[in-house]
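Heads up: the structure comes next, in structure tokens.
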Amino acid sequence: MPEYKYLSGFGSHFESEDPRYPNALPVGQNSPQKCPYGTYAEQLSGSAFTAPRTENTRSWLYRIRPSVVHQPFKRYEGIAPFLRGTAWEEQPPNPNQMRWNPFDLPAAGVEVDFVGGLHTVCGAGDVRARHGLAIHVYLANSSMKDTAFYNSDGDFLIVPQQGPLDITTEFGRLYVKPNEICVIPQGVRFSVALEGPSRGYILEVYDGHFRLPDLGPIGANGLANPRDFLTPTAHFEDRTVDGYRIVSKFQGALFVATQGHSPFDVVAWHGNYVPYKYDLARFMVINSVSFDHCDPSIFTVLTCPSNRPGTAIADFVIFPPRWSVQEHTFRPPYYHRNCMSEFMGLIFGRYEAKEGGFLPGGASLHSMMTPHGPDHRCFEGASNAELKPERIADGTQAFMFESSLSMAVTRWGEETCQKLDARYYECWQALEKHFHL
């Protein structure tokens, strides 16, 4: 595992120089007449210039060549044919509970890199209106070679499930293992190297950016603590390459341009618009120590809020290992109908409410107001268990992408992938009537 260096903090104003070139950052200004070492100054804006200071995000990059030095973009035909961003009408609506078996990795002998392995499962909204989200999986077995990717449509929150990701970005390098996540903001160029067959999930948001949830009466500390988020440090390469490819996701489609050099030529940078990673094992769990099962919002790691207070375009929620100690309580998740959409994935282990059928590398979707909850075995077991303190979810990490938007499933998600479990509904059919006088 590479030992990259990181900067600690969330939403902070950082600065970083490649140690091989000290004093590469201008002092006291952003765009001097001549930058140190002959670099170009380039600003990357993540918000409008006039956004409130608390929401204003931008970084200054000092690079060997500006990003504008490339050939014209052209449609990138045949790559990632199952990537979607706008085609939410290709399938009729389906309110049924959905569960997918683990998505297939590429066949042996067929090289598929991170971009080529992007498959959209579901989503809602419109990238052109900058409102909505998409949920993808990546299924890949090959490193990106002389290729960088950036997303013009929104932020990527990436959840590796199988295999680590060695990610080179304009800001430096990130090594992201299963049970870690990373966020690559809109517009940041990156390239992914793999160590073998790799699979994972991606939550893409078109509105705003991810932030930490407010803690309210929890207080100043808890859940995902800011100091545990890690941002890369500057590391550049000055490499001439004939036909280096820059792939852009723009309005849901892929385009490619070529240039004669690596885009990872940023010698120094400063700002608060940065990629970052987070280790889910560092999440500080809050839970009931008296009675009842708390709402899953107490497990929120990151949120992308909507314009309605307390309502998210998307929340990223985890169900980590923890103690369960509630008295006279049905401890697993309760039966539920929700005004939100709930997409779940499993990184490893067995999810407490459905220990059979919900497998690592698979997923489930419980759409808006579609009922869901523990299966028959879970209900009977938890209803009759001795209520003593016990560890739950050890060796397990499940997560949820929850959204206030009603999501449509793509044709690939419902048909082409051939992973949808048509018998999922059966796990509830054995639930018995226990009503008595």
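From the backbone N, Cα and C atoms, a Cβ is placed for every residue, glycine too.
Any TrEMBL annotation is an automated prediction that lacks curation.
The active site, proton acceptor annotation in TrEMBL covers HIS293. Residues annotated as Fe cation binding site in TrEMBL: HIS336, GLU342, HIS372. Look at TrEMBL and you will find TYR351, HIS372 tagged as homogentisate binding site. Residues annotated as domain 'Homogentisate 1,2-dioxygenase N-terminal' in TrEMBL: 5-280. According to TrEMBL, the feature domain 'Homogentisate 1,2-dioxygenase C-terminal' maps to 282-435.
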Counting only residues 6+ away in sequence within the same chain, which have a CB under 8 Å from the CB of the residue listed as 'active site, proton acceptor'?
GLN326, THR329, PHE330, ARG331, PRO332, PRO333, TYR334
Distance check, please: Cα of HIS372 (Fe cation binding site) against Cα of TYR351 (homogentisate binding site), rounded to an integer number of angstrom.
14
Say we define neighbours as other CB atoms within 10 Å of the CB. Which of the binding-site residues HIS336, HIS372 has the fewest?
HIS336
Taking 8 Å from the centroid of the Cβ atoms of HIS336, GLU342, HIS372 as the cut-off, which other residues in that chain fall inside it around the Fe cation site?
PRO333, ARG337, ASN338, HIS366, THR370, PRO371, GLY373
Check each residue in the chain of GLU342 (Fe cation binding site) that is at least six apart in sequence and keep those whose C-beta is under 8 Å from its C-beta; list them in sequence order.
LEU365, HIS366, HIS372, MET400, PHE401, GLU402
Work out how many Å separate TYR351 (homogentisate binding site) and HIS336 (Fe cation binding site) at their Cα atoms, rounded off.
17
Average pLDDT across the domain 'Homogentisate 1,2-dioxygenase C-terminal' (282-435), rounded to a whole number:
94
Taking 10 A as the limit, how many CB atoms besides its own sit near the CB of TYR351 (homogentisate binding site)?
24
